[in-house]
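As recorded in Swiss-Prot, the features of this protein are as follows:
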type     : residues                               : note
BINDING  : Asp111, Asn236                         : Mg(2+) binding site
BINDING  : Ala388, Asn394, Tyr395, Ser413, Ala431 : acetyl-CoA binding site
COMPBIAS : 469-483                                : compositional bias 'Low complexity'
REGION   : 1-238                                  : region 'Pyrophosphorylase'
REGION   : 239-259                                : region 'Linker'
REGION   : 260-492                                : region 'N-acetyltransferase'
REGION   : 469-492                                : region 'Disordered'
Amino acid sequence: MRDAAVVILAAGAGTRMKSDTPKVLHTLAGRSMLSHALHAVAGLEARHLVVVVGKDRERVAPAALEIGQTLGRDVDIAIQDQQRGTGHAVECGLTALPADFTGTVVVTAGDVPLLDTHTLSDLIAAHDAESAAATLLTTTLADPTGYGRILRTQDGGVIGIVEQADATPSQRAITEVNAAVYAFDAGALRSALSRLQADNAQGELYLTDVIAIARSDGGVVRARHIDDAALVAGVNDRVQLADLAAVLNRRIVEGHQRAGVTIIDPASTWIDVDVTIGRDTVVRPGTQLLGATTIGGRAEIGPDTTLADVTVGDGAAVIRTHGTSAVIGDDSVVGPFTYLRPGTELGAAGKLGAFVETKNATIGTGTKVPHLTYVGDADIGEHSNIGASSVFVNYDGETKSRTTIGSHVRTGSDTMFVAPVTVGDGAYTGAGTVVREDVPPGALAVSAGPQRNIEGWVTRKRPGSAAAEAAAAAGAGAGAAAEDQGPEATGE
């Protein structure tokens with residue numbers, strides 16, 4: 001392959017998105033459109049990657065540089081100060097290349113999220129094989145409104161491209177359209193750009209006019225037709241963004257299915273492009289797997305589960321759970337109605353049950369937190385059991401502190417752990433205990449006082465009530481000790 005450079009056009013205003021977010025930074029399948037574009041071109045053996053920015057450059061340029069760093073590729077930024085058309089944008093992009101660059105220049109857009117490395121590689125190979133001045137991708141649309149139409153000779157040769165605003169009625173009837181993805185000989189491109197004129201309905205310098213100029217100069221001009229129109233579809237508004245997101249999601253889902261994952265209802269399952277799932281895992285309806293989520297084999301996920309940047313081990317079950325930046329060990333069970341906040345790490349064969357919330361907590365192998373519990377800023381050892389309705393009280397209004405629970409600990413229901421506090425290995429707590437001091441290994445912690453039964457209280461304080469009648473029918477008396485007559489005895 002000849003030396004290659006890639007120019008990504010990302011300077012458009014994106015007004016039809018009606019958004020404060022730059023168009024190319026809108027996301028689908030867990031990546032911005034610009035990220036999709038850079039991932040596609042990063043797979044090419046291109047010497048130079050250039051992103052042309054204009055409006056919102058203070059947000060788009062740093063994003064491009066960060067994505068490039070993630071991909072291990074240097075990205076050069078070129079600035080289009082004035083919006084004078086696509087031809088002018090490419091001119092700006094060429095300023096970021098060495099003046100003596102003579103290879104192939106690939107031009108694509110930052111709002112074509114499904115374009116892939118394979119399609120671009122084929123374009124470059126076809127272009128180089130014919131020593132062409134210009135090679136462009138085309139596709140056929142049932143409704144070509146808004147796209148440039150491909151003009152051909154009777155024998156099929158490409159004459160040029162006419163934009164929608166400049167097309168005649170007969171030209172608008174053409175359904176083969178320009179995909180706005182090109183490969184150019186650098187010399188031919190520079191020469192043609194220097195001769196562009198803004199004598200058109202938009203008053204802009206059209207990159208598409210380069211095709212006709214290159215042909216008139218005697219250069220070879222070729223077109224490669226793409227049957228899969230979604231690969232080269234652009235995004236101008238949120239409707240198109242949602243449409244392409246659905247197409248991409250369906251392809252991602254099918255890829256996992258073909259790799260051995262059972263997805264019960266593809267229509268209600270959304271999976272980001274960077275998610276990995278092991279074989280024989282079952283994904284149930286209403287599930288969203290987002291970000292860099294990684295799921296092992298033989299797991300069960302869902303229904304109605306959202307996991308973002310979560311690692312799930314082999315054989316785990318995660319049911320009706322919302323999790324972010326968490327780790328779930330092999331053969332663990334989570335849910336239903338469990339909330340895993342960042343920093344949660346559940347060991348193998350553990351359990352986080354119904355209405356449990358965890359945050360910044362490490363929970364050891366075989367440990368169970370079965371019901372109605374908040375575990376925040378905590379370390380729990382192995383094979384412990386946390387009773388229902390327990391709370392790890394980690395915040396005093398100013399500082400968050402940690403609680404440490406040992407291994408083989410059993411805590412009663414409604415235990416409150418007031419951090420910072422440590423419960424030693426093998427210790428127990430009674431129901432309703434408020435643990436304010438460290439509990440030694442093997443000890444039983446009990447903070448509640450003895451129970452007092454004030455007999456006859458209902459008959460005296462709620463005479464005539466249904467409760468009093470039921471008590472009387474059960475043989476309850478009205479007498480009570482004198483010391484139990486005061487308001488402190490009755491809670492009144």
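Glycine is treated like the rest: Cβ placed from N, Cα and C.
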For the region 'Linker' (239-259), distant same-chain residues with Cβ under 8 A (at least six beyond the ends): 17, 26, 28-29, 113-114, 230, 233, 266, 269-273, 275, 277, 279, 283
Residue counts (helix, strand, coil, in that order) that DSSP gives for the region 'Linker' (239-259): 20 helix, 0 strand, 1 coil
Same chain, 6+ residues apart, C-beta under 8 Å of the C-beta of Tyr395 (acetyl-CoA binding site), given in sequence order: Gly376, Ser401
Those residues of the chain, 6+ apart, with a Cβ under 8 Å from that of Asn236 (Mg(2+) binding site): Gly14, Arg16, Met17, Lys23, Asp111, Gly146
Entry from the binding-site residues list Ala388, Ala431 having the most other CB atoms no farther than 10 A: Ala388
Neighbour tally for Asp111 (Mg(2+) binding site), based on other Cβ positions within 10 Å of its Cβ: 26
Mean predicted confidence [pLDDT] for the region 'N-acetyltransferase' (260-492): 94
Listed in sequence order, residues with CB under 8 A of Ser413 (acetyl-CoA binding site) and six or more positions away: Gly387, Ala388, Ser389, Ser390, Ala431, Gly432
Neighbourhood of Asn394 (acetyl-CoA binding site), C-beta criterion under 8 angstroms, separation at least six: Gly376, Asp377, Ala378, Lys400, Ser401, Arg402, Thr403, Ala419
Three-state secondary structure, which DSSP defines for Tyr395 (acetyl-CoA binding site): strand
Where Ala388 (acetyl-CoA binding site) sits in the secondary structure, as DSSP reduces it to three classes: coil
